């Protein structure tokens, strides 16, 4: 009997094991199938991304070669250029030899290619005219076709809305809106604000004259200029002339001292070669350089002053903000 019970128990155990195997097998199969599907989807995703990147690269290369054919199509002479950097390398080499003078580069090119020629900075074509009749044709007779300026890519997003960066009808409309704020009568209305700052300069110069010593008058006029701008444009109480540690003076001085150019600012050089990357380069420069942070501080301060004046108008106050706000219909 014990032997019969043992056999029955063994048989039941084998049946349970077989039953469990039957349940486990579909689960393993389903899991394996899902893994294969996930792997397949990941592969398709990478293929799609690769195709998009390849198409974008081909479009970029085609655009560069197409742009560099414009000079030949217009039959303009000029120095040989490459599709990606244009003539920047030539300009850098020539300036390294002539003491960093750009005008000597153009003198050399004029000697080689004549008074009308074209050269490239990255993907942009620049045409030089020196003949008086050509200049008159562009600036007078066909001025309506040449109203737009070169787009400025390496600037803060807020400054892209400035008048100098507008194009076409938007430039005409914006200029006509702000022109009434710069009449002689309205500019004279700010004389009192300017006079109060010039009185500080006069007192400062008088103190220097009493000392009978040399001093940097250029620095004194710089501080006067910033003092006037702070009061009539930024609505900011400042003491640039009397306090060398004035916050507005510190940020403005740092901004102008570290104003970027392609020679000392790699992000700006990259934006010239690849204008498509200019917003990212400008953002990187603004976040990582002292001059960029000062620029952001100045823009933030001006925006805050304008918003404060919109919310709390001061009719008795006369400055650029009060003159320009009535011309603005967007707020």
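Backbone N, Cα and C atoms are what each Cβ position is placed from, and that goes for glycine too.
What TrEMBL says about a protein is an automatic prediction, not a curated fact.
Ranges compared are 6-24, 25-43, 44-62, and TrEMBL records transmembrane segment for 44-62. Counting same-chain residues at least six beyond the ends of the transmembrane segment (44-62), those with a Cβ under 8 angstroms from any Cβ of the stretch are 83, 276.
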